[in-house]
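As recorded in Swiss-Prot, the features of this protein are as follows:
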| type | residues | note |
| --- | --- | --- |
| BINDING | Cys143, Cys146, Cys202, Cys205 | Zn(2+) 1 binding site |
| BINDING | Cys159, Cys162, Cys186, Cys189 | Zn(2+) 2 binding site |
| CROSSLNK | Lys134 | SUMO2 cross-link |
| DOMAIN | 8-70 | domain 'J' |
| LIPID | Cys409 | S-farnesyl cysteine |
| MOD_RES | Lys39 | N6-acetyllysine |
| MOD_RES | Ser78 | phosphoserine |
| MOD_RES | Ser123 | phosphoserine |
| MOD_RES | Lys152 | N6-acetyllysine |
| MOD_RES | Tyr391 | phosphotyrosine |
| MOD_RES | Ser394 | phosphoserine |
| MOD_RES | Ser395 | phosphoserine |
| MOD_RES | Cys409 | cysteine methyl ester |
| REGION | 365-412 | region 'Disordered' |
| REPEAT | 143-150 | repeat 'CXXCXGXG motif' |
| REPEAT | 159-166 | repeat 'CXXCXGXG motif' |
| REPEAT | 186-193 | repeat 'CXXCXGXG motif' |
| REPEAT | 202-209 | repeat 'CXXCXGXG motif' |
| ZN_FING | 130-214 | zinc finger |
Amino acid sequence: MANVADTKLYDILGVPPGASENELKKAYRKLAKEYHPDKNPNAGDKFKEISFAYEVLSNPEKRELYDRYGEQGLREGSGGGGGMDDIFSHIFGGGLFGFMGNQSRSRNGRRRGEDMMHPLKVSLEDLYNGKTTKLQLSKNVLCSACSGQGGKSGAVQKCSACRGRGVRIMIRQLAPGMVQQMQSVCSDCNGEGEVINEKDRCKKCEGKKVIKEVKILEVHVDKGMKHGQRITFTGEADQAPGVEPGDIVLFVQEKEHEVFQRDGNDLHMTYKIGLVEALCGFQFTFKHLDARQIVVKYPPGKVIEPGCVRVVRGEGMPQYRNPFEKGDLYIKFDVQFPENNWINPDKLSELEDLLPSRPEVPNVIGETEEVELQEFDSTRGSGGGQRREAYNDSSDEESSSHHGPGVQCAHQ
């Protein structure tokens with residue numbers, strides 16, 4: 001069974017979420033014949049449900065939205081309007097104005113506007129230390145000159161073309177017994193449901209009822225906030241007549257750092273050391289995210305292997321809303337070996353005397369063959385394999401160029 005966020009529309013058609021296009025069409029035709037208003041006058045609402053479900057699921061883009069996000073995905077992807085709002089209310093129990101999980105209507109019964117989403121890019125330093133910054137946004141506010149009416153009192157009239165719904169609904173017959181309900185934004189009122197004569201329109205907003213205004217938000221980035229976390233400003237989104245403003249929601253986007261990588265409340269870094277440091281101990285200093293100079297010491301006699309990881313407790317990220325508790329810092333060591341011929345050959349024996357003894361080489365009985373180790377570049381692949389591939393390509397080309405299908409070169 002397909003993994004989907006909601007199955008209501010599939011249930012209406014009586015098909016599983018993984019149904020194919022043909023299965024959807026077959027189910028729709030069967031139900032449309034059964035509940036068509038001409039055949040069953042009392043099943044008008046049921047027929048609308050069936051038509052709506054098929055319209056969504058037969059459209060690949062709408063179906064993907066619905067499968068991934070359910071009702072919420074359709075609410076986001078739809079422009080709203082009277083007719084569509086009615087069918088949403090009937091099927092899902094709410095209007096189109098419940099954007100991003102918010103209720104379609106507020107407690108006082110007013111419709112609720114859409115939320116405004118904005119990314120907020122934050123450095124790792126600011127997420128470690130916390131920061132207060134100002135963000136400038138442009139939003140719609142009710143026109144003060146006409147109090148959001150768009151014109152003088154009594155000038156606003158219901159659009160006769162769409163009867164005040166803002167959309168026009170059309171039913172198109174696809175085949176005998178198969179129809180599709182479609183809707184489009186009313187061109188006469190641009191989806192407003194209302195019209196104002198040009199001479200009566202407000203001079204300031206030109207009848208649009210709202211004007212653009214710059215809003216300065218003071219944003220508090222708390223210590224320990226994480227990538228994807230939300231900062232919400234309630235009721236600060238666009239204003240519209242008769243609609244309660246939605247929220248401005250900022251999504252924290254953590255910037256990449258040149259030294260540290262974050263994993264929850266832990267930090268990771270890579271530090272390069274030489275062979276002598278790996279064998280004889282070391283000390284190094286690095287600058288932390290709060291500008292402290294941290295000294296790391298490792299005692300002589302304890303060996304650091306290439307790629308090994310050591311941990312510094314309590315030097316990770318502060319916990320969100322509990323900043324005195326911190327994660328850990330993990331340091332991965334990249335041991336840099338000397339270049340070839342870095343030491344005088346006469347000194348190699350002295351160096352070998354200082355290092356642990358070589359393992360004993362077992363005696364091999366029988367014939368042996370000595371081979372040479374060569375440099376290998378993993379990005380270029382195996383040389384032998386390339387030669388074989390080149391040979392095969394050459395043979396194929398020659399075969400296709402000079403002989404018929406299946407004919408091979410004769411051997412002398």
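Just so it is clear, glycine is given a Cβ too, placed from its N, Cα and C backbone atoms.
Owing to the predicted nature of the structure, the values given are computational and were not obtained by experimental measurement.
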*asked:* I need the neighbours of the Zn(2+) 2 site defined by Cys159, Cys162, Cys186, Cys189. Which other residues of that chain put their C-beta within 8 angstroms of the C-beta centroid, in sequence order?
replied: Ser160, Ala161, Arg163, Gly164, Arg165, Gly166, Val167, Arg168, Ser187, Asp188, Asn190, Gly191, Glu192, Gly193, Glu194, Val195
*Which stretch from 143-150, 186-193, 202-209 shares the most C-beta pairs under 8 Å with the repeat 'CXXCXGXG motif' (159-166)?*
186-193
*Do any of Lys39, Cys146, Cys162, Cys189, Cys205 (recorded positions) have a CA within 10 A of Lys152 (N6-acetyllysine), and if so which?*
Cys146
_Integer Å distance between the CA atoms belonging to Cys162 (Zn(2+) 2 binding site) and Cys202 (Zn(2+) 1 binding site)_ = 23
*asked:* On a C-alpha basis, identify the one among Lys39, Ser123, Cys159, Cys162, Cys186 that is nearest to Cys143 (Zn(2+) 1 binding site); the candidates are the recorded positions.
replied: Cys159
_Same chain only, sequence gap of 6 or more: which residues have a CB within under 8 Å of the CB of Cys189 (Zn(2+) 2 binding site)?_
Cys159, Ala161, Cys162, Gly166, Val195
*Taking the Cβ of Ser123 (phosphoserine) as the reference point, list residues of the same chain whose Cβ is under 8 angstroms away and which are at least six residues distant in sequence.*
Lys255, His257
